[in-house]
Amino acid sequence: MPMPACFLSLWRVGVFIAALMPLIWWGWQIANNMAGPEPGRYLLLNIGQGALWLLLLTLSLTPLTKLTRWKGFSLIRRQLGLWALAYAAMHLLCYVLFILGLNWAQLGSEIVNRPYIIVGMLALLGLIALGITSNRWSMRKLGKRWKTLHKANYAILGLVLLHFLWVVRADMQEWLIYAAIGALLMCLRIPPISRTLPKLRQRIKHSA
Amino acid sequence: MLIKIAKPSDLHESEVTPESAYLSRRRFMGGLAGLGAGLAFAGSAHASEQRPDYKDVPSSDAPEWFKEKRDAAEWQAVVPSDPAQDKTAPFADASGYNNFFEFGTGKSDPARKAGTLVTQPWSVVIDGEVNNGGRFSLEDIASPSKFEERIYRLRCVEAWSMVIPWLGISLADVIQRAEPTSKAKYVRFETLVDPEQMPGQRSSFALIDWPYVEGLRLDEAMHPLSFLAMGMYGRELPNQNGAPLRLVVPWKYGFKSIKSIVRISLVEEEPLNSWQKIAANEYGFYANVNPEVDHPRWSQATERRLPNSLFNTNIIDTRMFNGYADEVASLYSGMDLRVNY
């Protein structure tokens with residue numbers, strides 16, 4: 001069923017607002033003393049987790065498109081990818097501001113010495129590379145290579161999960177849930193599985 | 001990696017000692033001398049008969065014996081040497097920002113979930129290399145000693161810290177009454193195991209092998225600074241802070257200060273503590289606060305003194321033995337603290 005164009009633009013704006021809302025919510029909590037005695041760390045952890053959510057959501061859009069053929073999903077892919085980059089950059093900014101206290105020398109030594117920081121930085125650099133090449137001009141310029149390049153998102157997800165794993169302290173449950181979702185999304189891009197998604201759509205359609 | 005090798009003399013090197021620090025040091029020396037006589041911190045510069053006015057601290061339904069002991073407590077028996085920097089954290093922060101994995105891994109989980117912990121009645125088993133062991137009620141453990149208030153810095157291994165006024169008794173008192181045998185070399189502590197009361201223990205993916213276990217060398221445990229807290233901010237301990245009985249060892253990282261203790265054993269062998277068991281390269285047996293030895297994932301050179309804000313992160317230098325070097329450094333003379341972290 002074709003959607004009216006105005007609905008699709010509303011959808012895009014709606015997604016933009018939804019991605020912005022958590023930041024406003026956390027800011028409001030901090031302003032109202034509801035974020036505990038260490039608001040900087042509260043922001044750091046929440047924004048980091050938000051970045052992971054956005055990355056997972058971005059990667060779910062292609063399978064969802066295959067499953068539903070709804071145009072709306074592919075329409076927000078670049079936006080969500082850029083949101084993931086924005087959240088990841090803010091996550092780093094929180095670390096530098098609130099954990100290191102703007103001590104740049106220490107940032108240098110942390111980047112060199114701490115494996116989980118190295119992995120996190122690599123993931124951020126990857127997202128920056130994808131962000132820079134997310135425009136139409138780059139797509140035209142890179143041609144077929146663009147798709148290959150942007151599949152690096154899966155490698156970035158792997159790095160992010162590793163970064164997270166190294167921070168897990170006493171209970172694996174939360175990490176395992178994210179890792180399972182990540183693994184599922186990767187599996188859905190394996191060609192034989194990926195090919196079954198449109199068929200699945202037909203079957204759902206017929207049985208309905 | 002940037003490794004600064006500490007000279008042995010670093011421990012003793014300090015700036016001009018402020019008078020209050022000098023006085024508190026004298027008090028500890030007095031305490032050490034008076035160990036046998038039941039640890040009277042006589043002549044303290046700060047101790048007072050008057051219970052401090054803890055505003056905005058909700059009262060709790062404490063048993064009568066607790067109230068009696070509290071009313072007879074020696075207030076501010078130990079206070080920070082630098083009160084300007086070491087301001088007591090608000091009660092809401094000290095009771096709302098906790099690591100107590102029995103109640104979840106988030107900092108606010110314990111405050112939200114520890115209501116299910118039943119702390120009355122409570123008993124503690126004292127066993128192992130002792131002549132006078134057995135199962136004791138909390139009141140039995142507390143009653144021979146006078147309650148004291150000690151305002152200590154608490155330095156978490158995660159590089160944040162708070163200043164907290166504890167209420168309780170000296171650990172040495174309790175150990176002495178148990179009459180350790182000559183074989184006793186270490187003290188091993190155990191937290192309650194009860195998955196019905198402690199949701200964190202129900203998780204199938206927990207890395208901690210319950211019960212949570214901690215340990216001290218006997219001389220560390222007998223040190224006058226080692227403390228068994230039953231209250232804080234002039235009231236009972238909130239459940240999330242380790243009610244009804246917890247250890248406080250102010251010169252070690254917070255995870256050594258085990259909560260909700262049900263068993264104290266005098267043992268011959270060094271106990272394997274819970275975090276050591278999970279990650280021996282990150283958490284050692286001693287876990288003395290030491291700015292020179294990094295955690296593998298972060299620096300321990302500084303700490304964030306809480307509460308802080310987005311505009312003032314309140315990052316301060318971490319001090320050797322959390323600022324208690326004058327009192328405790330001699331326990332470790334001749335030891336390589338880089339190896340025995």
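Each Cβ is built from the backbone N, Cα and C atoms, and glycine gets one as well.
Just so you know, TrEMBL annotations are computer predictions that nobody has curated.
Pulled from TrEMBL:
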DOMAIN    A:51-159  domain 'Ferric oxidoreductase'
TRANSMEM  A:7-28  transmembrane segment
TRANSMEM  A:40-59  transmembrane segment
TRANSMEM  A:80-102  transmembrane segment
TRANSMEM  A:114-132  transmembrane segment
TRANSMEM  A:152-169  transmembrane segment
TRANSMEM  A:175-193  transmembrane segment
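Counted with DSSP, the domain 'Ferric oxidoreductase' (A:51-159) comes out as 96 helix, 0 strand, 13 coil. Here the transmembrane segment (A:175-193) has Cβ contacts under 8 Å with residues 52, 56, 59-60, 62-63, 151, 154, 157-158, 161, 164-165, 168 of the same chain, all six or more residues outside its ends. It is A:80-102 that, among the stretches A:7-28, A:80-102, A:114-132, A:152-169, forms the most Cβ pairs under 8 Å with the transmembrane segment (A:40-59).
The average pLDDT computed for the domain 'Ferric oxidoreductase' (A:51-159) is 94.
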